[in-house]
Amino acid sequence: MISSADSGRDAAWLDDFLALTLAGGTPPAHAGECAAHAVRWRWLGDGLLQFEPVDATRRMQSVLVSAGVHGDETAPIELLSMLVRDIAHGALPLRCRLLVALGNPGAMRAGERYLDDDLNRLFGGRHAPLATSREAPRAAQLEAAASAFFATAGRARGARWHIDMHTAIRASVFEQFALLPHTGEPPTRTMFEWLGEARIAAVLLHTAKGSTFSHFTAQTCGALACTLELGKVMPFGANDLSRFARADAAVRNLVSGRRDAARAALPRVFTVVDQITKQSDALELFVEKDVPNFTPFAQGTLLARDGDYRYAVRHAQERIVFPNPSVKPGLRAGLLVVETTLDTHAALA
């Protein structure tokens with residue numbers, strides 16, 4: 001049996017998981033107990049940490065919470081490190097199996113979005129051809145960790161969750177919004193109610209399979225998965241974490257088996273209808289450099305030109321999300337969405 005003294009000494013680094021990760025350090029032990037021996041933990045590698053109640057059962061939910069897939073999106077990383085601390089001290093009771101993932105430690109240490117390639121476009125095996133990319137082995141490691149974690153999870157609807165937390169490069173009409181991956185199944189009321197609890201203002205529904213971490217866990221691991229965009233990119237230590245309080249509380253409620261007593265309104269919904277794809281470095285994007293996400297444009301408005309390629313708004317109104325002319329040729333330079341709130345809410349499963 002692990003003594004209290006040994007357990008406390010070996011787990012002291014859990015007070016600042018972020019500091020250990022930024023230092024590229026290794027904990028003195030790779031497994032142990034915390035929270036007065038109520039929780040088992042395992043360090044699975046750089047930025048990867050698994051918790052499990054000592055009395056865990058197969059009926060428990062399995063929850064993956066990730067942040068730092070983009071290394072400069074610091075606020076969710078800081079929140080996740082504090083979540084680890086509070087679980088370790090027993091301040092936050094754990095009522096699920098939990099995998100914590102700091103997505104791109106190399107980019108976090110460099111203070112960059114990524115080192116060679118956007119990690120959140122390398123999942124679903126898209127990392128395989130990129131032999132020289134420093135992100136490619138990390139994508140493979142995250143896929144393997146998620147697959148192993150969910151392999152022993154329950155299979156009931158809602159038994160598997162993945163919350164991938166980000167912040168955005170630009171401002172947004174809706175400061176905090178979520179993206180749901182396309183799986184071929186209708187969105188669930190369970191997820192929408194949780195997003196409402198997190199006070200997420202809008203949800204973007206993808207209509208094609210993608211290459212993000214949440215797409216991978218939804219499609220391959222059968223998780224209820226979402227990507228959260230929680231505000232603006234800021235350096236470590238410069239975040240006003242109070243702005244993320246509702247989302248943080250919702251994550252904490254999820255892992256501790258609690259629910260917000262106040263029934264929140266469901267978020268508005270926007271569905272992807274098209275995208276602007278960068279054909280070449282000659283791409284011209286006819287929107288202001290700092291245009292907020294979800295800015296609306298009227299039918300007929302020319303938004304992009306790239307050689308013979310043109311994109312003009314086809315619907316009565318379309319909103320642009322993630323406009324970025326600086327991506328590599330062949331990648332998405334912007335998404336176009338239309339509002340589908342009423343139809344989506346009516347069809348929730």
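Glycine residues also receive a Cβ, built from the backbone N, Cα and C atoms like all the rest.
Swiss-Prot annotations:
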BINDING   His70, Glu73, His166  Zn(2+) binding site
ACT_SITE  Glu229  active site
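Rounded to a whole value, the Cα-Cα separation of Glu229 (active site) and His166 (Zn(2+) binding site) is 5 Å.
Apart from His70, Glu73, His166, the residues listed for Zn(2+), the same chain places the Cβ atoms of Ala67, Gly68, Val69, Gly71, Asp72, Pro76, Arg113, Asn120, Met165, Thr167, Ala168, Val233 within 8 Å of the centroid of those Cβ atoms. Taking Cβ-Cβ distances under 8 Å and a sequence separation of 6 or more, the neighbours of Glu73 (Zn(2+) binding site) in its chain are Ala67, Arg113, Met165, His166, Thr167, Val233. All protein chains shown were included, and the count of other CB atoms within 10 Å of the CB of His166 (Zn(2+) binding site) stands at 25. In the shown protein chains, 24 other C-beta atoms lie within 10 A of the C-beta of His70 (Zn(2+) binding site).
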